[in-house]
Amino acid sequence: LRISIWKPSVEVILGRGENTGYAGQQSSSLSRGGHTSAAVVLGFILVLGVLGNFLLLLVFSRFPGLRTPANLLLINISVSDMLVCLFGTPLSLAASVRGRWLTGTYGCRWYGIVSLVSLSLLSFERYTALLGGSQLNSVQDRRARLAVAVSWFYSLVWTLPPLLGWSSYGPEGPGTICSVQWQQRSLAARSYVACLFVFCLLLPLLLMVFCYGKILLRRVLLMVFSLTVIMKRRLTPLIIVLFTITGYLLCWIPYGVVAMLASFEEPGVVPPAATLVPSLLAKTSTVLNPVICGLLNNQFSRCFLHMISCSAEDSTSSDGVWSSRGIWPQNMQIKEQNTEPATLPSRDHHGRQWEQVQMDDNET
């Protein structure tokens with residue numbers, strides 16, 4: 001019996017029967033149709049994940065005004081998602097097409113490292129995103145950059161132990177995936193699984209619930225007493241974070257529960273059919289971030305529409321302005337509580353004169 005579970009590019013398999021090995025050294029528990037179906041799903045996730053995160057990063061690079069402290073955390077999540085899409089998912093896709101793992105021991109370890117980097121980054125970022133403000137000031141900007149640096153260090157803390165003997169990476173299940181070998185019964189392996197579950201899922205989840213609950217309560221009280229445009233705008237980033245966290249939970253909780261069962265319960269506790277949905281949900285995590293940003297972030301969606309539908313001449317002659325940092329719609333609010341006029345460069349790239357432009361405070 002084999003139980004296969006996947007999370008933001010991390011595969012969790014419970015195996016019993018023939019020994020697992022590297023490419024070509026084991027028979028697969030999946031039919032040819034099963035491998036084909038997995039390959040099709042992975043193909044869609046790969047294309048959508050790469051395209052969505054590329055467009056997200058492109059918009060952020062084109063419009064520096066979007067780089068608020070809170071958005072810097074979203075950028076970092078998108079970078080980690082792109083890392084998984086480019087260096088993790090293709091390996092699993094190719095293995096599913098061929099029905100076996102193709103890249104040997106080192107490829108398997110690399111796949112596991114990329115997987116855990118994504119896992120740890122997401123767990124840290126989902127929490128720190130709640131603490132990031134949407135105002136662009138030097139203190140919050142430094143804190144956001146520090147949070148990005150700490151998130152990568154945090155990911156290394158949980159990525160390196162399997163390479164140093166605390167648990168291990170290896171191919172499992174049908175032989176088309178690699179991950180931490182969750183099914184190992186040794187004390188060292190189980191202790192690593194328990195720590196990973198606590199520090200990369202449970203603790204971040206509890207911190208998010210606590211912090212988000214306090215922030216949401218305060219914002220709701222403010223909204224009750226002051227239903228102004230500014231307050232509505234302040235609530236928008238929280239809505240984005242709420243949807244982001246919801247996606248995080250949908251991807252991770254099923255994985256975490258089954259992973260713990262795979263590590264600490266007897267084989268066969270979770271039927272193979274019950275692992276399919278958590279596996280697919282976890283893989284879609286790399287697609288959720290750009291979708292949430294694009295649909296819910298009004299500033300991002302406006303910049304995206306300007307980027308794809310407006311030429312430079314159209315933008316400068318209608319409702320856009322040119323600055324040294326790219327096209328920016330005149331009626332877009334760059335930062336909250338912006339009561340001072342935003343001074344643009346005296347001339348655009350065509351040599352035309354520009355006056356001071358007051359950003360419209362009535363847009364959300």
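Every residue gets a Cβ built from N, Cα and C, even glycine.
Taken straight from TrEMBL:
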- 52-293: domain 'G-protein coupled receptors family 1 profile' (DOMAIN)
- 336-364: region 'Disordered' (REGION)
- 38-60: transmembrane segment (TRANSMEM)
- 72-95: transmembrane segment (TRANSMEM)
- 101-124: transmembrane segment (TRANSMEM)
- 144-164: transmembrane segment (TRANSMEM)
- 191-217: transmembrane segment (TRANSMEM)
- 238-262: transmembrane segment (TRANSMEM)
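Spatially, the transmembrane segment (144-164) is not adjacent to the transmembrane segment (238-262); fewer than three Cβ-Cβ distances between them are under 8 Å for residues at least 6 apart in sequence. Mean pLDDT for the domain 'G-protein coupled receptors family 1 profile' (52-293) in this predicted model: 74.
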